[in-house]
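These notes are about the structure you will find just below.
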Amino acid sequence: MITKQQVLEFLKDYDLDNITIATICSHSSLQIFDGARKEGFRTLGICVGKPPKFYDAFPRAKPDEYLVLEDYEDLINRAEELRKKNTIIIPHSSLIYYLGRENFTGMAVPTFGNRTSIEWESDRDKESRWFLGAGIQMPKKIDDPHDIKGPVMVEYEGAKGGKGFFVAKNYKEFSELVDHTQKYTIHEYINGTRYDLHYFYSPIRNDGYTLSKGSLELLSMDRRVESNADEIFRLGSPRELIESGICPTYVLTGNVPLVARESILSRIFSLGEQVVEESLALFGGITGAFCIEAVITDSLDIKVFELSSRIVSGTNLYISGSPYSDLMQKRLSTGRRIALEIKEAAKSNQLDKILS
């Protein structure tokens, strides 16, 4: 893994008046490029083969230049070239997936956020330790499938985009659906409304919703649209569907906007605060954008089952701002908020606090 000291050495050669914001052309890159351009940065899109043609349809978000690779792993070998352009990499899920975790953490280019958070997020045991230390309610984990007494969610290790999930209500259903060649986690199925909560933690701002160090913002929230789970039950009851050979899947295909009851916002902020404070104690903080995936029950309990320590695709709903971010700054997207953080840190000589 690249060290903080190495990153600081790279920054000594940077022209901070000519920073380039770069990411892989996927996931939330249009939003990232749009936000960077609004804050006066040059942008660089990373892609394999020729640049995506559909980017031409969005001129305000199309990057100023492209870095075309034969393979995403070749990005590691282009680090010096990127540094000469004063590049800061903005990670998103696709970037980490295409590069691989080891390549991402070892990439010799200054990167927004704390790369150590990937290790804590992707390791289920470490993530559980993080959540439990933060005092967060989580769905009960079931170690032995024979102990399944009601609906459970089974998730395969490394599930991406909603692939690798299934629901079972007893051991028999579990046995019929499980792939024993893969590692999996079983936890109770929580009945409620799913919320993806989009936060931003700034270690360099000391106004707004302040923490022991820095401040916390709630930028937006969304709910996932999943195929085929969101439409399948129009065809019949779950048992009828299974008998017909049709099983629900949870592949992410899009997102829809949400706002929460105002009375819940206090708990939503407390939840984010607990996550950040514990991250500061464990590994130096979850800097920048992050998302808590939770279910809010009919008794208004919030149970957390996942965390993403970077910008998530649900924020793409709010390129022109959300009902929450508009109350802080007009037309503030998560992509633009990232660019603002970099801009403010560069001006105040605090890039060391937000890059890794």
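Glycine is treated like the rest: Cβ placed from N, Cα and C.
Per Swiss-Prot, these features apply:
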DOMAIN    101-333  domain 'ATP-grasp'
BINDING   145-196, E226  ATP binding site
BINDING   E293, E306  Mg(2+) binding site
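Distribution of Swiss-Prot features across the structure.
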residue : record              : Cβ contacts under 8 Å, 6 or more apart
P145    : ATP binding site    : Y171, F174, S175, V178, I186
V152    : ATP binding site    : I142, V167, A168, K169, F174, I186, H187, E188, Y189
H180    : ATP binding site    : none
R194    : ATP binding site    : R223, R224, E293, A294, V295
E306    : Mg(2+) binding site : I292, E293
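Taking each of the binding-site residues E173, E293 in turn and counting other Cβ atoms within 10 Å of its Cβ gives the largest count for E173. With all protein chains in the displayed structure included, the most crowded Cβ environment within 10 Å among the binding-site residues F166, H187 is that of F166.
For the recorded site, H187 (ATP binding site), the DSSP three-state label reads strand. Computed over the domain 'ATP-grasp' (101-333), the whole-number mean pLDDT of the model equals 90.
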